[in-house]
């Protein structure tokens with residue numbers, strides 16, 4: 001619409017008004033005729049031609065001013081519209097799908113027994129408490145956990161954590177925003193987005209797990225994503241199932257190892273306690289026997 005209006009005004013000025021203006025100026029540049037009759041006719045026609053020329057000039061100037069005003073107005077409106085579109089497009093931009101899928105995913109029942117703190121943990125997006133059979137996605141940079149479906153929709157248009165507004169996007173040169181642990185070698189690479197220390201920031205949106213379990217979740221997620229990108233000789237569905245089942249088995253092994261370690265520690269503590277109790281009892285008995293023997297050795301009072 002703006003381009004059409006500018007073109008129309010330009011055509012009117014160049015093809016209609018400008019020729020009329022030049023035509024009315026022609027009598028003033030012609031040579032003067034020597035006959036008196038022609039001079040009298042020019043004197044009688046001078047006022048009319050002058051008025052017409054002034055009117056045409058005024059119309060030309062007015063249209064030029066209107067064209068300049070419309071050009072500035074429409075140009076400013078176009079610039080503002082373009083800036084608003086860029087702003088909204090940046091605001092709607094979320095995280096890449098590959099980055100979202102790199103965040104660990106698991107069932108709540110698999111880690112429920114190992115979480116730190118009392119009380120339930122709930123999703124900050126739908127405000128529903130987690131149940132055993134629900135699939136969760138864990139944000140390693142801030143340890144906040146959400147339903148996988150809820151956080152996937154959120155991160156499609158946002159790049160921050162819904163609970164703490166931490167920036168989850170990658171910086172240039174980074175591959176993952178959290179530590180990567182190799183299951184075979186046990187090597188760990190830490191960057192500035194390190195995991196939160198245990199016992200800190202315990203709230204209803206934070207799923208705090210032991211540090212070893214955190215590393216296991218990250219590593220198992222890497223195995224699952226690598227198995228999902230197998231060659232096309234295998235179907236994508238089979239690759240996903242094999243990767244997910246393998247990750248589940250390894251996660252169960254890690255949980256069982258953690259539980260067995262806890263049970264062993266508890267049994268050791270109980271054994272040590274029983275040994276201390278037996279030792280104290282035997283020492284008390286020995287002390288009583290010594291006192292009795294000492295009393296027997298003492299001479300009787302006369």
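Numbers run from 1 along the shown chain.
Cβ coordinates come from backbone N, Cα and C, glycine included.
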- Given 80-122, 123-165, 166-208, which one carries Swiss-Prot's zinc finger label? 123-165
- Within the zinc finger (123-165), residues counted as helix, strand or coil by DSSP: 8 helix, 11 strand, 24 coil
